[in-house]
Amino acid sequence: MPYLLMASHNPLPAGKQLLLLVLLCAFFSSSFIPFASCSITDDLQTQCLKVSATEFAGSLKDTIDAVQQVASILSQFANAFGDFRLANAISDCLDLLDFSADELNWSLSASQNQKGKNNSTGKLSSDLRTWLSAALVNQDTCSNGFEGTNSIVQGLISAGLGQVTSLVQELLTQVHPNSNQQGPNGQIPSWVKTKDRKLLQADGVSVDAIVAQDGTGNFTNVTDAVLAAPDYSMRRYVIYIKRGTYKENVEIKKKKWNLMMIGDGMDATIISGNRSFVDGWTTFRSATFAVSGRGFIARDITFENTAGPEKHQAVALRSDSDLSVFYRCNIRGYQDTLYTHTMRQFYRDCKISGTVDFIFGDATVVFQNCQILAKKGLPNQKNSITAQGRKDPNEPTGISIQFCNITADSDLEAASVNSTPTYLGRPWKLYSRTVIMQSFLSNVIRPEGWLEWNGDFALNSLFYGEYMNYGPGAGLGSRVKWPGYQVFNESTQAKNYTVAQFIEGNLWLPSTGVKYTAEFGV
């Protein structure tokens, strides 16, 4: 029975090495199956694809087969190690390959049935490019997880991951980047229930489960509440988390669709963890809170990682949730605080704090009306607010920051903003893309604005833009002179990075009830 919640204000053995090598060599010397045919409407081909619909479906099936075969080989070594970090890296890869298989299957399903329930926005070209981009980045994340390990495994699987990457990159070239196809009548997809549309704005919210440390709810920890939630739910399932500090690492797996979590306020309901790279966790697995199920919403909650700056990569929140919303949430840590890993995401009225690359990943994400706070780093360290991870020019991904306040946190203010030089971002990958617009930049931002990653890497291919920012850190006279950096002089240039255009917000944000500005109005 639902409850009513009032709105809150507040080293592998030699034998196994040989087996793995033989299996991988056998797989990668084999040929792929020929294209399979399927029945897809001519509309799909003319509006969304640059190749025949049959060829596109066949390419998807080939890529799915490649992913599954790599995963099958790697799974034989899942429990073969005593090395904690290596075991985590393999576990990550298996999960990430599983993500990729799902994303490719969604693409296949949606392209064959444009009105199916698995379609998210109803705008097929946007959905396909989003899911294919996610499938692309997963292989990179898998490889990155082997940093700090000494194992033959990384070298052996790199060929397989590279082959999957090439196949997905080819698929991305087959989808039109700017299709004229619209969602159903330009409105909210038909599968979204009307009663789900105002959950964030209602005075009362009907909840399905309550988490309370004092035993007054259905569960005393968040993880148990998540496990009890239905799989693949087509309606919103609401979990209310009462005030308190919940010291646990929460993972919302990919089958948990349309979960919503509501706390008693960002300073009242806190989910806290301390995993870090130094302690043997991969960056991906270090997250205090990780969500992969599509359609996730969080409101009035703090997600924190307390590992501290000396522990290096330590994620507070990681999202792979397509069409996810974080509203009035506090996301705090130091290095790598917020991992916007993949998919389409929206953050509104949030507080995000950290040091090095503290907003990073390869999602398509917009931040509106957020406080972005640079903290005091380690001695001789430089802060970079963003580190966007776009590796292919056909990806629609990037970071857009609009109507936000970018300032120093209290610890950096107390030490002097000059003690830790702070920059708007640096290019993690070759086609890194970040836009800052209509935001207040305090004197914490260095006059150069942006920071190199490693020499001249990506300076020609990145895309960094600024538009109508203000404040002592917004001066443009001393900004970097990189070929990939530009200042927008016209709104027509900046419009591409608004909620309406960049994340197709008008097609799905109304279903969440969250406040948002579609373009440039305050």
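Quick reminder: no glycine exception, Cβ is built from N, Cα and C everywhere.
Per Swiss-Prot, the feature signal peptide maps to 1-30. The feature region 'Pectinesterase inhibitor PPE8B' is assigned by Swiss-Prot to 31-174. Positions annotated as N-linked glycosylation site by Swiss-Prot: Asn105, Asn118, Asn119, Asn218, Asn221, Asn274, Asn405, Asn489, Asn496. Taken from Swiss-Prot, the feature region 'Pectinesterase PPE8B' covers 208-506. The substrate binding site annotation in Swiss-Prot covers Thr283, Gln313, Arg426, Trp428. Under the heading site 'Transition state stabilizer', Swiss-Prot lists Gln335, citing similarity to another entry as support. Marked as active site, nucleophile by Swiss-Prot on the basis of sequence analysis: Asp357.
Break the region 'Pectinesterase inhibitor PPE8B' (31-174) down by DSSP state and the numbers are 102 helix, 1 strand, 41 coil. Largest Cα-to-Cα span within the substrate-binding set Thr283, Gln313, Arg426, Trp428: 18 Å.
For the recorded positions given as Asn218, Thr283, Asn405, Asn489, Asn496, the lowest number of other CB atoms within 10 Å of the residue's CB is seen at Asn489. Summary for the recorded positions Asn221, Asn274, Gln335: the Cβ-based neighbour count within 10 Å is maximal at Gln335. Between the alpha carbons (Cα) of Asn405 (N-linked glycosylation site) and Asp357 (active site, nucleophile) lies a span of roughly 17 Å. A separation of roughly 12 Å, to the nearest angstrom, links the Cα atoms of Thr283 (substrate binding site) and the residue listed as 'active site, nucleophile'. In space, Trp428 is the closest of the recorded positions Asp357, Arg426, Trp428 to Asn105 (N-linked glycosylation site), judged by Cα positions.
There are 22 other CB atoms within 10 A of the CB of Trp428 (substrate binding site), with all protein chains counted. All protein chains included, Asp357 (active site, nucleophile) registers 25 other Cβ atoms within 10 Å of its own Cβ. Of the recorded positions Asn105, Gln313, Gln313 has the largest number of other Cβ atoms within 10 Å of its own Cβ. When averaged over the region 'Pectinesterase PPE8B' (208-506), pLDDT in the model lands at 98. The residue listed as 'active site, nucleophile' sits 9 Å from Gln313 (substrate binding site), taking the Cα positions as reference. For the pair formed by Asn218 (N-linked glycosylation site) and Gln335 (site 'Transition state stabilizer'), distance between Cα atoms is given as 35 Å, rounded to the nearest Å. DSSP assigns Asn496 (N-linked glycosylation site) to a helical segment in the three-state reduction.
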